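**Student:** To start, I am sharing the structure in question, which I have written as structure tokens.
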Amino acid sequence: MKKAKAHHDMAQDEELVFLPLGGVGEIGMNLGLYGYGRPGHRQWIMVDCGVTFPGPELPGVDLVLPDIAFLAEQRRNLKAIIITHAHEDHYGALNDLWPGLNVPVYASPFTAGMLEAKRAFEKSRSEIPITIFKQGDRINVGPFSVEAVGVNHSIPEPMALVIRTQLGTVVHTGDWKIDLEPSLGPLTDESRFRQIGEEGVLALVCDSTNALREGVSPSERQVSESLAKIIADAEGRVGITTFSSNVGRIRSVAEAAEAAGREVLLLGSSMKRVVDVARDVGLMEGVKPFLAEDEFGYIPRDKVVVILTGSQGEPRAALAKIARDEMRNVAFSAGDTIVFSSRTIPGNEKAINDIKNGLIEQGIHIITDSEALVHVSGHPRRTELQQMYQWVKPQILVPVHGEAAHLTAHAELGLQSGIPSVPRLRNGEMLRLAPGPAEVIDEAPHGRIYKDGTLIGDFEEMGIGERRKLSFAGHVSVSVVLDSRYDFLGDPDVVPIGLPEFDDEGEAMEDTLYDAVLGAVESIPRAKRKDLAMLQEAVRRAVRSTTNQVWGKKPVVTVFITKV
């Protein structure tokens, strides 16, 4: 009887928790952990493993990844990683972080293909074994039973997850929308969500991206019709730039081009990789082969459509090269049309406007989503969110995938819609979903790490603070050689990098700094110059002070003093 009571007490201690390490309080870098068991003995599954992209405040950084230090002690208790879809903010960190985790990965055929294509392109040494997991499948992982439910989004084969445990069922939506006329893939599975709702849902962990927008998102089919009309009516070449992962839109454009008697050229390596994967899994059946780039010049202007990367102003993408007239085999002319079939991601406005201006200077006609319905979001607006609430009838709503404004608006909508519990949650906070009321019970290490080239590290390890200083005020290198009497042996060597060439009186900056170095050393008696560290610091301070006087900024200064 004692053993039975002990087992009962242990069972009573078991908890179901949700711990986001990214994507809650920000857009991007989505990574969520579900844990089950007693504190200190929980087993975990990871849902998604995404990146976000650096802004100008992170000079030189290529990608921003979630810090998974929390999992260092939980590595043996992490049972699986499940990827909901192949957008960078949901799967982009997996190739870099998986070697430190080495656990089974579950993903759809398209997502698995994208992971392999990404690994090959990045020349990653880690070959991730992936188990195919698609709409309608169920897997048992430790204390979790996970079902994939089909949803609609702006990429092939997205899925929501139904995570069942002894303490209740969680619906994790991933990215989704309700589109009754999608251009590719099935509808969001209303029937299955309703069935799951009838079974009883403890918590809905739900996309908040468009929680500030009223109504229902327009259909992708409407975008297809709008693009088809633009292509049919255009007199010259047509270029359409969109997100490279939007296979449905690429396919729609290709079909519209064929209907208008036009050939299609794909430009951009990322888009070509996506289309190759889509072909491999059967998503491009019936679409004619695309032109080779060197065939472009032989096609009449009114017989070609170019689908190209660069909708976010990426300087090395195909569209930016077109705007700068730098492409070898492809160019647009006055009277041609380029359509921005995309939204502007915050932070990219200037880069996109620069490209638009470059195109307009060439006489190219620009069409954006402010002039025509050429883009729709892949995320649910408020009416769609309320529809999901009605389908699954959750006891708890956990808004995720959004910044503070999105999460707050989503929470208010949930409460207005009658959901009993809507806890506030941010990255690193451990939310107990059951037993008892939903509440934050702990905080885990969380944050960001940075990928630069082939290296990954934290803010200090990657020298980002120093880079910021360098980008703001440049660098001065000073080399001083002293003889046995601690006098100058030759002239000091002063090399300013990234500083103005002249001060406001026309004096060369290098000469001004040279004088500062001489003055700093000569102001110190010979006997005290033996303290090379003190002398080094005196020179550094003198150079920074002088540049501050003549320029108003203090550069990074590196001083080398050698005594021979």
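We number each residue from 1, going along the chain as drawn.
The backbone N, Cα and C atoms fix where each Cβ goes, glycine too.
Copied straight from Swiss-Prot:
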BINDING   H85, H87, H153, D175  Zn(2+) 1 binding site
BINDING   D89, H90, D175, H401  Zn(2+) 2 binding site
BINDING   H375, V376, S377, G378, H379  substrate binding site
**Student:** Around D175 (Zn(2+) 1 binding site), which residues of its chain at least 6 apart sit with Cβ under 8 Å of its Cβ?
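**Tutor:** Residues satisfying the criterion: T84, H85, H87, H90, V151, H153, S154, P158, D207, T209, G378, H379, H401.
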**Student:** With the Zn(2+) 1 site defined by H85, H87, H153, D175, which remaining residues of that chain have Cβ atoms positioned within 8 Å of the Cβ centroid?
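**Tutor:** Apart from the listed residues, the neighbours are T84, A86, H90, S154, I155, P158, G174, W176, G378.
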**Student:** Counting only residues 6+ apart in the same chain, whose Cβ is under 8 Å from the Cβ of S377 (substrate binding site)?
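**Tutor:** Listed in sequence order: S154, K177, T209, N210, S217, R343.
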**Student:** Would you mind reading off the Cα separation of H375 (substrate binding site) from D89 (Zn(2+) 2 binding site), to the nearest angstrom?
**Tutor:** 20
**Student:** Work out the three-state DSSP category of D89 (Zn(2+) 2 binding site).
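**Tutor:** Reduced to three states, the DSSP call for D89 (Zn(2+) 2 binding site) is helix.
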**Student:** Under 8 Å between C-beta atoms and at least six apart in sequence, can you list the same-chain neighbours of D89 (Zn(2+) 2 binding site), or say none if there are none?
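**Tutor:** Result: G23, I27, G28, M29, N30, G50, V51, T52.
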**Student:** CB neighbours of H87 (Zn(2+) 1 binding site) within 10 A?
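**Tutor:** Its Cβ shell of radius 10 Å holds 26 other Cβ atoms.
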**Student:** Please give me the CB contact count at 10 A for H401 (Zn(2+) 2 binding site), counting all chains in the structure.
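**Tutor:** I count 29 other Cβ atoms within 10 Å of it.
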